[in-house]
Amino acid sequence: MPLITGKTKLLGVIGDPVEHSLSPVMHNAVIDHLNLNYIYVPFAVKPEDLRTAIAGLEAIGVVGFNLTIPHKQTIIPLLSTISETAQLVGAVNTVWRTETGWSGTNTDVHGFLAPLKRLNLPWSQVSPVILGNGGAARAVVVGCYEMGCRQISVVGRTKEKLDHFYQSWQNTPIQEALRVYLWEDLPQLVSKTQLLINTTPLGMSPHIDQSPVDLTVMKKLQPGAIAYDLIYTPNPTLFLKEAQQQGAIIIDGLEMLAQQGALALSIWIKQSVPVEIMSQSLRDYLNL
C-alpha cells in the first residue's frame, strides 16, 4: 500500500452494502503497481443520503468514484452529463470530476465486450441469448448491439417484466434487434444460439449447486458455442461447467470485472492501466 500523504488523491466506490465490493482490491493493486499517489476506498451510502454524499465527495476533492447497487440509476439526475452508453443502459457506474460538475459513464459494456472481441467472430451472424432481464442484462444488450448482433434474445420468467424491459428500449435503435421470450422457450433458443449469457444471480453463493439452465436444456447447446457467466465466484459456476461438458467455449465474469475497472481507472488517472494486474489481484484475493 502506498504511503498516504497530504497530496494523496482520493477515489472510491459508493454502495449499500459496499463491504463485499472487490473494487478496492483491484484498484489499489494497480495504484500500487504504478506507484501512483492515489487511494481507493469504499463508502457505505444509503439511498436517502446519496445527494448529500455526492456533495460531500465534491467538497473534499474526490477525483472520481464508482457506483454499485442501489445507486446506478438514482445517480443520473445528480450528474451534469452522462455518456451515450450510460443513457442506453440507463445506469452509471463510473463518475469523474469536470469543470461543469460530475460526468458519468457505464464501463460494464466495455468490460463485457473485452473477452468476446478477442475471439474475432462474425458478430453480425451471431444471435445471442441473454438469461435475465435485470440491470446487468441491459449492459449486455447494449454490448451485443454495439458488437453488431442483429438479433438479441432476452429470456425472463414473467411476461410483465419482459414487456416492461422491451418497452424501455423504445425510441432507441436497439428495440428493432430485441426479442423477448419466457423461460419455457429456452430449449429452442439454446439449440440455435452461438452465444449464451447468464446475467442472473443463479449459481452464486449460497446457490452454487444451481444453474439457470437445466442440464437437459444445456445438452442442446452446440459444440463450439460460447457460454458466458457474469458471475465470477464460484469459478467456474455450474452453468459454465455444464456448458463446457457440451464442448462450449466458457467465459467467467472475472475479466469483465477487471476490464470495466481498468477503463474506469484510466478515466480518472488519464493513463493506460494494466488489466492483467487487476485480474491477478482478484484471482489472488479469491484464491482462484
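Here, residue 1 is simply the first one shown, and the rest follow in order.
Using N, Cα and C of the backbone, Cβ positions are placed for all residues, glycine too.
Annotated features, as they stand in Swiss-Prot:
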type: BINDING; residues: Ser21, Leu22, Ser23, Thr68, Asn93, Asp108, Tyr232; note: shikimate binding site
type: ACT_SITE; residues: Lys72; note: active site, proton acceptor
type: BINDING; residues: Glu84, Gly132, Asn133, Gly134, Gly135, Ala136, Leu230, Gly253; note: NADP(+) binding site
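Known features from Swiss-Prot, placed on the structure.
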residue	record	contacts (Cβ under 8 Å, 6+ apart)
Ser21	shikimate binding site	Val13, Gly15, Pro42, Thr68
Leu22	shikimate binding site	Leu257, Leu282, Tyr285, Leu286
Ser23	shikimate binding site	Val13, Tyr40, Pro42, Asn66, Thr68, Gly261
Lys72	active site, proton acceptor	Ala91, Val92, Asn93, Gly135
Glu84	NADP(+) binding site	none
Asn133	NADP(+) binding site	Val154, Val155, Gly156, Lys161, Leu162, Phe165, Val180
Gly134	NADP(+) binding site	Thr199, Thr200
Ala136	NADP(+) binding site	Asp108, Thr199, Leu230
Tyr232	shikimate binding site	Asp252, Gly253, Leu254, Met256, Leu257, Leu282, Leu286
Exercise for the section: May I have the list of same-chain residues other than Ser21, Leu22, Ser23, Thr68, Asn93, Asp108, Tyr232 whose Cβ is within 8 Å of the Cβ centroid of the recorded shikimate site, in sequence order? Expected result: Val13, Asn66, Leu257, Gln260, Gly261
Problem - Same-chain residues at least 6 apart in sequence whose Cβ lies under 8 Å from Gly132 (NADP(+) binding site) - result: Val154, Val155, Gly156, Asn198, Thr199, Thr200, Pro212
Handout entry: Coarse DSSP state, helix versus strand versus coil, of Asn133 (NADP(+) binding site)
Key = coil
Fill in the blank from the handout: So Gly253 (NADP(+) binding site), by the Cβ count within 10 Å over all chains shown, scores 23
Problem - Packing count at Gly135 (NADP(+) binding site) (other Cβ atoms within 10 Å of its Cβ) - result: 17
Practice task
Taking the residues Ser21, Leu22, Ser23, Thr68, Asn93, Asp108, Tyr232, which the record names as binding shikimate, find the longest CA to CA distance and state it in Å to the nearest whole number.
Solution key: 18
Fill in the blank from the handout: Row Leu230 (NADP(+) binding site), column other C-beta within 10 angstroms, all chains, value 27
Practice task
By Cβ count within 10 Å, point out the most packed of the binding-site residues listed: Thr68, Asn93.
Solution key: Asn93
Problem - Farthest-apart CA atoms of Glu84, Gly132, Asn133, Gly134, Gly135, Ala136, Leu230, Gly253, residues recorded for NADP(+), distance in Å - result: 24
Handout entry: Surrounding CB atoms that lie within 10 Å of the CB of Asp108 (shikimate binding site), all protein chains
Key = 30
